[in-house]
Amino acid sequence: MVKMETAELETDLSLFKYDNLEQLPTRYRELDEAERTERIEAALGELGDDVVILGHNYQRREIVEHADFIGDSYQLSKQASEADAKYVIFGGVTFMAESADIITADDQTVILPSMEASCPMAGMAEALQVDAAWAEITDAAPEANIVPITYMNSYADLKAFCASQGGLVCTSSNAHRAFEYAFEQGDKVLFLPDKHLGENTAHRLDMEDEIVEWDPWDSDGKDAETVAEQDIILWDGYCQVHERFRPDHIEQIRADHEDANVIVHPECRREVVEAADKAGSTATICETIENAAPGETWAIGTEIHLTKHLQRWHPEVNVLPLCGDACMDCNAMRQIDPNYLTWVLEELIEGRERNVIEVAPEEKDLAKVALDRMLEI
Ligand code: 13P
Ligand code: SF4
């Protein structure tokens, strides 16, 4: 089998999916927090029920303070599906805002305050690449019924592709249920794009012997025939924030705090999840700290803003970042600057819609099928 070459694909693997990047006008760049808060509150007062703000758990304090709902990817997609506001302002990254646009009604508009909030992991599995790899793997195993599952952290065209092949979307809170659904429909799973979430989910289902990692463009990697022998095929994507955590960090925190409990996100490497006391989505991390007894110590292995929120929200619990100052913030999430929030709200008052996320109609219906399958499992 000849290895695939990237040059075979006429795909533009650009960092930003949307090319209508609107930069913040200069007059919004230097607002101080007091003035900004006053202006955001005034704008929200004027816009009333026309606007709902959804904030992911990794957003900055100045964004979550203004959010009507704060949550993980799954909770926010549920909220988007139930929202009846004319404008859904998404404090999150592009793939989350796309999902909100797919799920909301046609007369609702989704706004991502800054178009630069693009998750690098979502860019690691472009639909055109996956389509080419799919042809390879289905040729290599013509008898197999492979069901593609894409993590929410992917673009709408990949979600649409998965639906077209009988697959679905999952988030970190329901990946195990998506796998179960897929194995009821078929006999193999292609999981995209996060190999760590895929591996951790396979372990949760006692299917760790069935996994194989696949990078179709790696000339030293496995060919499609070898890959197709396994039941769970993991695309070679990962999150740069969560890959940084190591078992050493857990050892160190336990050495420094002998009563420390450790919870990590399932985007972390397998060995980190294994060494931790618990793993779960950002909502599970929040619930764990909410339910902790006063005085308990919890070290958290995820994006640093969530750890800081939990320190503020639960001063009765000793909440620590798992790797101290080295714990990273997510550069994509950080692009949602509160000055941008002020700008998009004030523009709405003037009747101008800025940074609208609009999924192409030809992708929307199919991507919705993949999201609806997730919401039903
Ligand atoms: P959650 O679904 O757990 O909120 O995670 C989203 C994410 O991007 C984690 O990096
Ligand atoms: Fe993407 Fe990782 Fe940021 Fe989540 S934390 S949005 S997966 S880069």
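Cβ coordinates come from backbone N, Cα and C, glycine included.
Among Thr138, Thr282, the residue that TrEMBL places alongside His56, Ser73, Tyr151, Met152, Asn153, Ser172, His265, Pro266, Glu267 at the iminosuccinate binding site is Thr282. Cα proximity to Cys239 ([4Fe-4S] cluster binding site) (within 10 Å) is found for the following binding-site residues from Tyr151, His265, Glu267: Glu267. Checked against ligand 1, the binding-site residues Tyr151, Cys239, Cys330 give Cys239 in sequence order as having a Cβ less than 6 Å away from one of its atoms. Selection of the binding-site residues His56, Cys119, His265 by a Cβ distance under 6 Å from ligand 2 yields, in sequence order, Cys119. Counting only the Cα atoms, the space from Tyr151 (iminosuccinate binding site) to Cys330 ([4Fe-4S] cluster binding site) is about 18 angstrom. Rounded to a whole value, the Cα-Cα separation of Glu267 (iminosuccinate binding site) and Cys330 ([4Fe-4S] cluster binding site) is 13 Å.
Long-range Cβ proximity for Cys330 ([4Fe-4S] cluster binding site), meaning a same-chain Cβ under 8 A and a gap of 6 or more residues, is found for Tyr58, Cys119, Val241, Glu303, His305.
With the fewest other Cβ atoms inside 10 Å of its Cβ, the least crowded of the binding-site residues His56, Cys239 in this structure is Cys239.
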